[in-house]
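Enquirer: These came from Swiss-Prot, pasted as-is:
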- 1-22: signal peptide (SIGNAL)
- Q47: pyrrolidone carboxylic acid (MOD_RES)
- C48-C62: disulfide bond (DISULFID)
- C55-C66: disulfide bond (DISULFID)
- C61-C73: disulfide bond (DISULFID)
Amino acid sequence: MKLTCVLIIAVLFLTACQLTTGETYSRGEQKDHALRSTDKNSKLTRQCSPNGGSCSRHYHCCSLWCNKDSGVCVATSYP
């Protein structure tokens with residue numbers, strides 16, 4: 001019985017904490033956090049190599065076609 005009461009109180013407390021945190025972020029205080037997240041993601045993105053650029057894998061090329069024998073990105077041509 002005591003354990004059940006403790007668990008119920010803990011769940012209510014955690015729910016209240018989440019609700020107050022959600023209200024804080026909805027007032028616009030999350031703006032700086034979102035900018036930091038965007039800056040971090042932009043640093044992680046990689047640039048692709050244009051046609052004629054060097055490559056070792058197909059995903060290094062903007063066209064997604066890499067001639068692995070010569071190590072050069074090639075243009076795609078569909079009939």
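Keep in mind that glycine also has a Cβ here, set from the backbone N, Cα and C atoms.
Just tell me what is around each of these and how deep it sits.
Expert: All chains included, 8 other C-beta atoms sit within 10 angstroms of the C-beta of Q47 (pyrrolidone carboxylic acid).
The DSSP secondary structure for C62 (disulfide bond) is coil. Cβ neighbours within 10 Å of C62 (disulfide bond), excluding its own Cβ and spanning all shown chains: 14.
In the structure as shown, the Cβ atom of C55 (disulfide bond) sits within 10 Å of 22 other Cβ atoms. DSSP assigns C55 (disulfide bond) to coil in the three-state reduction, placing it in neither a helix nor a strand.
The number of other CB atoms found within 10 A of the CB of C73 (disulfide bond), across every protein chain shown, is 22.
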Enquirer: Reported as an integer number of Å, what is the Cα distance between C61 (disulfide bond) and C55 (disulfide bond)?
Expert: 7
Enquirer: Do me a favour and check the Cα-Cα span between Q47 (pyrrolidone carboxylic acid) and C55 (disulfide bond); whole Å is fine.
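Expert: For Q47 (pyrrolidone carboxylic acid) versus C55 (disulfide bond), the Cα atoms are 12 Å apart.
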Enquirer: Have a look at the disulfide-bonded residues C48, C62, C73 and say which one has the shortest Cα distance to C55 (disulfide bond).
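Expert: Closest recorded candidate to C55 (disulfide bond) by Cα: C73.
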